[in-house]
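Q: One structure follows; several queries about it will come next.
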Amino acid sequence: MANDSTEEPLGKESPEPECNIYEEVKWFNKAEQNQRMAVEELINTETSYVHNLQLCISDIRDHLQKKQLPGIDVEGLFSNIDDVLHISRHFLTGLEAMANQEHEQLLHISTLFQELKEEMENIYKVYCGSCDQALLLLDIYRNDPRLQKEILDTLHTTVPHTGASDLSFFLVMPVQRVTKYPLLLQKILENTLDSDSAYEALSAATKAMAEVNANINEYKRRKEVADKYNKAGYLTLRERLARLNTHSITKKTTRLSRLFMHEAGIIPKTEDKEFDDLEEKFQWLASGIADLKENVAYFLSNTEMFLGSKPHENELDIEEGTRQQCCRLAGKLNSTILPEFKKRLKRLVYLPLCNLSETLKGPQSLIRKRLDKLLDYEELEEKRNETGSVTYEEEATMNTYLAINSLLVSELPVFNLVALKWLEQILHTFVVLQRDLAKQVLQEAEGEMAQLLHKHLPEADFWKMVKDTLSQAENQLYSFSRKFESVMPSPVVQPLSPAEERRVLLLVNKHGLDKLYQVTSNISGSKDMDLTLQRGQIVALLHDVDTKGNSNRWLVDAGGPRGYIPSGKVQPYHLVQNQKSKMEMLAPNDEAEKRHHSYNSPATPSPPINFITPAFQVVAGYAFTGRSNHEVSLTPGQPVTVLESHDKKGSKEWSLVEVNGQKGYVPSSYLVVVPTPEPPGWNSPAWLLPAQQT
């Protein structure tokens with residue numbers, strides 16, 4: 001009985017381990033099957049995805065490009081889809097290489113994802129960031145029946161077997177695919193044993209692709225913030241005024257007061273060395289591009305002036321044969337070589353510079369917006385430190401600054417590098433064009449020189465003849481210049497306008513003569529505290545360093561606005577005696593303000609027996625177009641007869657004048673007093689005219 005009792009429970013328990021083993025084997029087989037199916041799904045869907053990408057590029061996009069429809073932005077629709085296809089082909093090739101090696105396949109898939117992680121992120125980041133804009137373009141095209149018909153005809157002609165009814169089916173494929181990778185990897189991972197050798201690698205690959213998608217989403221969010229604030233630069237005046245309200249005015253006032261406290265040193269600034277270095281490089285690059293663009297524009301203008309002159313049509317006082325050769329050379333330069341050079345220069349140098357300058361507007365706008373958001377961020381950060389919390393809207397404002405700052409820190413280095421390479425290529429092209437021009441001119445000149453009468457002279461005799469000819473020409477030019485200076489002496493300095501004279505007088509009274517500087521070239525302010533000035537303007541130096549101790553930026557007074565300018569674009573300004581006397585004439589008179597307009601003739605003193613009328617006349621200083629029958633038009637330098645120095649209401653801002661027999665009103669500030677040109681033969685210089693009295 002004892003034996004029976006002990007054997008009976010053993011007989012009942014023996015089937016239990018067999019059942020557990022059976023269940024474990026059953027689960028393992030099912031997991032292995034699911035794993036294999038998940039891997040097959042990854043490979044098969046990737047194959048289908050690459051095939052559809054090839055259709056999208058080689059059939060749809062190429063077909064649209066061949067149509068050359070003016071209303072469709074093909075590049076804007078398809079973005080960098082070529083890069084997407086390239087990385088996808090590479091990835092598919094790697095997947096197919098290990099398709100028959102089950103034991104190493106999982107490890108290979110994990111390694112492949114991790115190796116391509118960075119490249120995938122960079123490529124899909126660009127495509128996903130521009131996909132919303134592409135879909136927006138597609139919506140615009142749908143509203144145009146002609147463009148919509150062209151797109152549908154392209155789909156029906158090139159990919160009818162896909163059944164796609166809209167182009168968006170193909171455009172969203174890369175966005176959907178990159179978000180599918182973590183899910184496919186997770187499905188493979190769930191059906192892989194923890195003890196499997198590929199488990200850790202699969203887990204790392206899954207996390208890597210999830211991180212790629214998170215980075216893409218963050219990039220899209222930053223780009224949306226940047227696009228939002230870049231659009232403000234294209235608002236109309238009415239739209240800008242519509243945005244003004246109590247909240248916006250309060251916010252701008254708070255920012256301005258905080259900015260003043262920064263400049264005054266009352267509160268510390270938020271230091272960001274990394275961003276400051278990037279911004280400084282960007283601003284120097286922007287300044288260099290602006291200067292080069294201006295210089296090339298001047299070069300083009302001078303080239304046009306040179307082309308406008310036709311020396312080959314003039315009579316040259318030289319030998320007939322030599323004259324004909326000079327005329328042929330000048331005619332060839334004027335009709336063929338120089339116009340072609342100007343055309344190439346504009347197409348290959350100036351227009352790319354304009355495009356490069358245009359691309360700077362986006363980062364410049366974002367940098368200015370970053371400063372505004374930084375001021376808001378500092379204000380809210382102080383509030384959070386004091387109260388311990390901020391509202392949801394305030395938290396969003398702080399996140400906006402962080403997003404803009406993060407975007408600039410990550411994108412500015414790339415932008416600076418690309419812009420620098422672009423600028424380098426433009427300069428290289430400019431040098432090549434100059435070299436080609438010199439080569440062409442030299443070839444033409446050598447061809448004409450071969451026909452000169454003196455081509456067979458020995459080298460020593462030839463150079464002696466050249467030196468003698470140049471010496472004779474130099475003596476003639478010197479004699480002519482001396483005679484010209486005695487008949488028509490040029491003024492010592494270019495006269496200032498009355499408004500500029502008054503501003504210079506104000507600067508002298510406030511800061512002294514030794515502080516005056518003149519702007520040598522146009523200055524375009526790129527920062528909030530920078531000034532925009534024209535060449536020739538007079539400023540007064542306040543500080544020779546900025547708040548960071550940078551001696552390349554000076555704080556100046558421009559006769560009203562104050563701000564920073566590059567120190568290399570100004571030079572000391574010195575008043576000559578004639579200008580000092582004019583300044584004294586503009587100084588206020590304590591007895592009576594007799595001078596109300598810039599064109600008032602000098603007061604006539606008590607005439608002696610032999611009275612001589614002062615040699616002054618009133619001319620138009622600026623162009624003015626009459627807008628009614630009561631006004632007359634002016635051209636610069638046109639003589640004007642002043643009838644009344646005020647209008648019918650007694651206002652001194654308008655004057656009644658007579659021009660070419662017509663009477664009417666013009667702005668008083670448009671008229672200036674100039675010395676009357678002296679007849680030939682007079683020797684009295686312009687700066688010895690009688691002093692003008694007020």
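Glycine is no exception: its Cβ is also placed from the backbone N, Cα and C atoms.
Here TrEMBL flags 34-219 as domain 'DH'. Look at TrEMBL and you will find 260-462 tagged as domain 'BAR'. Annotation comment: TrEMBL describes 512-575, 613-676 as domain 'SH3'.
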Q: Taking contact to mean three or more C-beta pairs under 8 angstroms, with sequence separation of 6 or more, is the domain 'SH3' (512-575) in contact with the domain 'SH3' (613-676)?
A: no
Q: Give the residue counts of the domain 'SH3' (512-575) per reduced DSSP state, in the order helix, strand, coil.
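A: Across the domain 'SH3' (512-575), the residues distribute as 6 helix, 26 strand, 32 coil.
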Q: Using DSSP, tally how many residues of the domain 'SH3' (613-676) sit in helix, strand and coil.
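A: Here the numbers are 3 helix, 30 strand, 31 coil.
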Q: Can you give me the average pLDDT across the domain 'SH3' (512-575), rounded to a whole number?
A: 85
